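S.K.: Can you keep this structure in mind? I'll have questions shortly.
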Amino acid sequence: MEYKGILVGMGNPLLDISAVVDENFLQKYDIKLNNAILAEDKHLPMYEELATKNNVEYIAGGATQNSIRVAQWMLQIPGATSYMGCIGKDKFGEEMKKNSKLAGVNVHYYEDETAPTGTCAVCVVGGERSLIANLSAANCYKSEHLRRPENWALVEKAKYFYIAGFFLTVSPESIQLVAEHAAANNKVFMMNLSAPFICEFFRDVQEKALPYMDYVFGNETEARTFSKVHGWETDNVEEIAIKISQWPKASGAHKRITVITQGADPVVVAEDGKVKLFPVILLPKEKLVDTNGAGDAFVGGFLSQLVQEKPIEECVRAGCYAANVIIQRSGCTYPEKPDFK
């Protein structure tokens with residue numbers, strides 16, 4: 001099978017500025033742990049403050065880009081994955097390009113002349129993380145970039161597409177173009193719920209894309225928010241996963257499968273009106289470094305097997321393996337080679 005260019009991701013490329021902080025820091029900027037939000041004016045001084053910390057690290061991030069990098073790492077096949085998103089023409093943008101090329105991902109960034117490269121503050125306390133994204137250039141992605149022949153060629157070549165829900169805030173039009181292409185050509189289109197605020201405040205665009213989703217990923221908090229927003233009156237993650245999988249579909253070529261992670265609790269997979277639970281690899285608390293990127297890594301591991309047409313059990317096992325590797329390291333980083341058997 002030809003794996004070159006088999007998987008395409010689109011999203012918000014952000015340079016993660018990651019540092020260990022204390023409770024005072026969280027209070028000062030009104031930040032909650034285990035959350036992902038968009039930066040407001042009150043958060044802007046925080047980026048400078050994080051940059052002065054002696055434990056600060058810079059890592060090419062953004063949810064979709066993380067997943068694609070991890071899938072590429074798990075596959076170990078040069079050029080198997082491609083990625084599109086918008087960066088600025090600045091040193092952070094150059095850092096991002098360098099980082100992605102090293103990861104073996106075929107990146108086609110749209111470079112914005114006016115806005116700086118987007119950043120994401122990753123505040124880590126006791127291994128738990130909070131993400132505050134300042135999208136800047138990432139917010140400037142335009143569907144005309146996607147339509148350029150050299151970029152649309154990536155879409156034509158790919159058989160699998162993955163886009164985190166965060167991109168719904170930037171270019172729903174681009175998402176729709178890819179979703180409709182996938183449905184018309186019997187390809188696999190996948191998205192992530194990504195954050196409670198996406199389910200709450202971007203409900204309309206999320207609902208427009210949902211019929212095209214063959215796989216829906218998310219965690220238990222996002223699933224419960226989705227349920228609440230749609231008036232389902234249940235907090236039961238298994239029930240919610242089934243209901244999402246039964247949402248009407250735009251194309252009958254593939255059934256929808258919902259995959260919900262729950263931290264240390266089993267992964268919930270819903271298809272055909274039934275649920276399967278898969279245990280995760282438990283990690284002793286003292287080995288946990290930081291949960292940032294765990295969900296993204298899970299998806300990346302999952303996708304690495306899915307594109308090889310492996311059964312769902314193997315996809316989940318690879319997802320759990322990748323997440324387990326990532327949480328023992330700072331940020332969404334990994335060793336040179338995977339040790340996945």
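For all residues, glycine too, the Cβ spot is worked out from N, Cα and C.
Feature table excerpt (TrEMBL):
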type: DOMAIN; residues: 26-335; note: domain 'Carbohydrate kinase PfkB'
type: ACT_SITE; residues: D296; note: active site, proton acceptor
S.K.: Let me check the 10 A CB neighbour count of D296 (active site, proton acceptor). How many other CB atoms are there?
M.R.: 27
S.K.: Averaged over the whole of the domain 'Carbohydrate kinase PfkB' (26-335), what is the pLDDT?
M.R.: 94
